[in-house]
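The transmembrane segment feature in TrEMBL is assigned to 41-63, 70-88, 100-123, 135-154, 174-197, 209-232, 252-272, 292-322, 342-359, 371-397, 433-456. The domain 'Cation/H+ exchanger transmembrane' annotation in TrEMBL covers 57-453. What TrEMBL records for 510-642 is domain 'Cation/H(+) antiporter central'. Annotation comment: TrEMBL describes 651-816 as domain 'Cation/H(+) antiporter C-terminal'.
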Amino acid sequence: MTGNGTMQGFGGKNTQVVCYAPNKITFNGIWQGGDPFDYSLPLFILQLAMIVFSTRVFVFLLKPFRQPRVIAEIFGGLIFGPSGLGRYEAFTKKVFPTQSIMILETMANIGLLYFLFLVGVEMDLSIIRRTGKKSIAVALAGMVLPFLIAAAAYSKIVPPHVHQKGHEERVDKATFIIFFGVAISVTAFPVLARILAELKLLGTELGRIAMSSAIVNDMLAWILLALGIAFAQSRYILEFEPTANVPQNPHLSVSWIMILSTIFVSFCIFVLRPGIGWIIRRMPEGESVSDFHICLILSGVLLCGFITDSIGTHSIFGAFLFGLVIPNGPFGSNIIEKLEDFVSGLLLPLFFAISGLRTNIRSMTYSAKWIWTLLVLVLCSLAKIGATFFTALFYGIPTRDGVALGLLMNTKGLIEMIVLNVGRDQEVLSDEIFALMVIIAVLTTAIIIPMVTAVYRPGRRFIPYKRRTIQKSKPDAELRLLACIHNARSVPTIISLLDLSHPSKKSPIYVYALQLVELTGRASAMLIVNTRKSGHPALNKTQAQGDQIVTAFETYEQHATFVTVQPLTAISPYSTMHEDICNLAKHKRVSLIVVPFHKQQTIDGGMESPNPAFRTVNQNVLANAPCSVGILVDRGLGASTRATNSHAVHSIIVLFFGGPDDREALAYASRMSGSPCVGLTVFRFIPGDEARESIIPHEESSTDNGSLSVVTDKDKDRQTDEDFICDFRLKTSNNESVIYMEKVTNNGEETVSAIRSIDNIYDLYIVGRGEGMVSPLTAGLTDWSECPELGAIGDLLASSDFGLAVSVLVVQQYVGMGLQGDGVGTPDSPAAQQPDQPLIDQHLSKALSYAFGKHQNLPN
């Protein structure tokens with residue numbers, strides 16, 4: 001049996017009381033004549049599904065606007081409240097009836113407990129010790145002014161209420177100032193980490209200052225919030241429970257709360273933390289956290305929450321403190337990996353749904369109190385920006401960076417929502433102020449990314465450079481390479497490629513080893529950003545893999561000569577990861593970007609794709625790179641030979657068809673040929689008579705249309721190939737390890753047969769991508785290509801059907817903005833047309849070109 005009623009509650013308010021029968025929990029099915037909406041369990045399941053689904057919908061809708069997830073979660077909660085679907089009484093009574101709110105709110109608070117426990121585990125308190133005065137000053141300045149404004153505006157925005165004894169009384173001033181000031185001055189550290197990652201600022205000086213300042217800000221906010229709850233609890237006991245067996249002096253009550261809280265904090269630091277450390281030391285090294293330890297930790301979160309709730313602060317403090325005492329390392333990382341998806345994806349949206357059910361935008365009337373509250377909120381935000389800005393100027397931070405820092409420190413999120421909900425529960429904040437502050441929090445956070453993007457400009461501009469290709473690099477200049485790495489598996493092949501690149505005293509190699517890490521959520525940004533000391537264990541799998549990569553390159557650098565390696569990390573969603581790669585390449589002035597092929601070799605010799613997103617990254621890099629690009633298909637690169645003899649000669653073959661990409665591939669191979677451990681074979685394909693006949697009519701038809709640019713540009717391109725080949729053969733004429741061969745083919749079928757006839761003695765094939773080149777020698781091959789980004793020949797060599805399990809490097813030469821190649825233009829370009837050229841001169845030019853080309857193609 002269920003029933004609703006009202007009774008006179010605290011402060012003269014009407015409180016609704018709901019009674020329900022215990023047997024109304026589970027449902028026996030619609031065939032028994034029941035209604036699932038009348039039973040708590042099926043109703044809760046439906047509510048949970050609707051809340052999670054709405055949150056994911058808003059995440060999807062707001063993703064193109066680069067909004068943090070917390071905005072979508074708040075919207076997902078608002079849509080079910082009185083500001084959205086809750087306006088319809090039938091929907092509220094059916095889907096969110098009053099008797100279901102208690103279960104929903106209980107589960108929401110359990111999810112909140114575990115979420116704050118995870119925040120505590122992720123937070124590295126050593127950053128506070130390592131941070132300088134700059135970050136502490138920024139955090140303090142951003143909190144002081146909002147508190148002063150809140151104190152000055154207290155009488156304007158806090159209306160008096162009628163006490164149950166009949167006289168008017170306002171909310172305690174100190175309590176209100178603490179709650180209001182913390183809510184408006186807090187910086188959401190988890191949300192800020194995600195925003196910095198989205199804006200590519202994690203590794204910048206601005207990002208480091210913002211992160212360390214946010215940690216200090218959050219710690220101060222938690223302390224002040226605990227104090228505010230203590231004041232609110234003492235007022236509640238004194239006014240509404242005068243017969244309770246507690247001290248009637250509110251100051252004495254606050255003192256007891258603070259004393260017991262201090263004892264609990266000391267217990268966590270000096271008893272719990274050593275105890276957990278003892279447990280971790282007894283765990284076998286390298287093994288994941290056992291089920292027993294997980295259950296122990298989960299129970300500890302609830303127990304600590306119960307203790308702090310009993311003391312008189314709030315259960316969230318116990319969970320947060322318990323998370324803080326978990327030592328940084330694999331133990332905490334495993335806990336995060338096991339709990340984060342469930343807590344953040346399933347339980348946490350319930351808290352935002354409860355906040356949405358409490359937020360009634362229609363309750364905000366255009367009164368003087370509403371105007372004053374809005375004005376104070378805007379002034380507090382501007383004051384926080386201004387205080388941060390002037391503090392940054394004082395410490396010598398550039399003006400634009402100071403403005404961006406002020407905007408970033410105004411990031412709101414879950415922490416503010418917690419403060420607002422606790423303040424509303426404690427009757428410190430009215431429904432109107434609560435709703436208005438939720439809206440301001442959403443708007444403030446939503447404009448952070450676009451405003452910071454518009455304001456912030458990196459202080460150092462890119463330096464223009466000419467050596468964007470290996471072909472144009474000076475032979476006695478330093479060669480800069482950017483090697484992209486998804487996982488540790490590709491490191492040995494990258495190192496082998498560096499060995500083959502012939503670093504020397506005249507031409508050393510500087511390598512930027514860029515580990516590519518997907519930004520999947522809040523935790524990845526927070527964990528990776530934390531500065532770690534050498535010798536400390538990794539916090540998660542990403543850092544552990546990063547340590548392996550760094551260690552491998554450091555070891556290689558110690559044993560190699562004339563090679564310098566700088567390990568870096570790019571944390572981005574795969575959709576924008578190419579921006580990090582291209583910006584770094586431009587900033588570091590590299591000549592070649594090496595990216596791993598999206599497929600990896602399996603044990604049986606096949607090729608599989610561990611992550612399809614890798615292919616999208618490669619395609620975006622090819623389209624936007626500021627220099628040449630090489631896609632490396634990893635099939636060992638002679639690993640077995642190196643294992644038996646590190647001084648063995650590595651056989652490399654270049655398949656040359658002509659064009660800018662093939663010239664860049666040959667330029668890189670020419671550099672390799674200088675190494676005594678490299679044997680180079682250049683296999684050039686020359687079009688036969690049938691292939692030339694298929695080219696000439698096409699060009700004649702182009703000439704008849706009045707366009708000369710195709711003929712001239714292709715002739716020029718072939719002449720460039722001839723000059724480059726002649727120059728290469730001249731330079732390597734005395735090098736016995738270089739072999740030059742030519743093969744005449746007429747079509748794609750003959751080309752494939754010629755490639756298959758090559759002896760299986762090579763460790764690495766180097767080919768040009770052939771972008772923009774149309775050749776009868778590869779005609780028809782692109783129709784069967786699985787990976788067009790490799791080009792026709794590269795796709796053939798990388799295919800599992802090719803039969804040779806060798807590594808392949810596919811090279812694309814940088815041709816500059818607005819160019820299609822070295823002299824390759826568009827046939828219909830008006831600027832390229834020369835209508836005054838006599839037709840006979842065109843045919844004569846072609847004839848001479850072919851005659852000259854044929855003469856040059858003769859083997860020596």
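From the backbone N, Cα and C atoms, a Cβ is placed for every residue, glycine too.
When Cβ distances are compared across the two stretches, the transmembrane segment (342-359) makes contact with the transmembrane segment (100-123), since 3 or more pairs at least 6 residues apart fall below 8 angstroms.
In terms of C-beta pairs under 8 Å, the stretch of 100-123, 252-272, 433-456 lying closest in packing to the transmembrane segment (371-397) is 433-456. Long-range contacts of the transmembrane segment (433-456) within the same chain, counting only residues at least 6 positions beyond its ends with a Cβ under 8 Å from a Cβ of the stretch, are 66-68, 70-71, 74-75, 78, 83, 157, 180, 183-184, 188, 191, 195, 198-199, 201, 206, 355, 358-361, 363-364, 370, 373-374, 377-378, 381, 400-401, 403-404, 407-408, 410-413, 416-417, 420, 423-424. Only sequence-distant pairs (6 or more apart) were considered; of these, at least three Cβ pairs between the transmembrane segment (292-322) and the transmembrane segment (100-123) are under 8 A, so the stretches are in contact.
When Cβ-Cβ distances under 8 Å to the transmembrane segment (209-232) are tallied for each of 70-88, 100-123, 135-154, 252-272, the top count falls to 135-154. Note on the transmembrane segment (100-123): residues 18, 40, 43-44, 47-48, 189-190, 215, 218, 298, 301-302, 305, 315-316, 319-324, 326, 332, 335-336, 339-340, 343-344, 346-348, 350-351, 353-354, 357, 414, 418, 523, 526-527 of its chain, located 6 or more positions outside it, place their CB under 8 angstroms from a CB of the stretch. Mean pLDDT of the predicted structure over the domain 'Cation/H(+) antiporter central' (510-642): 80.
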